[in-house]
């Protein structure tokens, strides 16, 4: 007889970050840290979003890109409603402890507009400009 493991909650607020990792973070006054999201295959920067300790803990536990929406004041598990899922392969903290780099396999667009990346297709400065 097989035993099904307890399903993982879809509520990031129920997850607590390991205290050793939490001690390394330098959160802003709102308790958030910027997360730069990069494609594992192309190294293209896909988006920047915010995480709190619960979103980071959930991401580390589930390998699902999870962020905190400041405008909606809620957690955002990338792809939960859009299907544009981020399978997280790596998470690294920068040398100052104030930014995380999240490397992902991106399904569909990373941007809420549906585009592959959130960064402007019409750059402010580029080669030859």
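Note that Cβ sites are derived from N, Cα and C of the backbone, with glycine treated the same way.
According to Swiss-Prot, the feature Mg(2+) binding site maps to 94, 96, 98. The DSSP secondary structure for residue 98 (Mg(2+) binding site) is coil.
Positions annotated as Zn(2+) binding site by Swiss-Prot, on the basis of sequence analysis: 95, 111, 118. Cβ neighbours within 10 Å of residue 95 (Zn(2+) binding site), excluding its own Cβ and spanning all shown chains: 6.
The distance from the Cα of residue 96 (Mg(2+) binding site) to the Cα of residue 118 (Zn(2+) binding site) comes to 25 Å.
Around residue 96 (Mg(2+) binding site), taking its Cβ as the centre, 7 other Cβ atoms fall within 10 Å, counting all chains.
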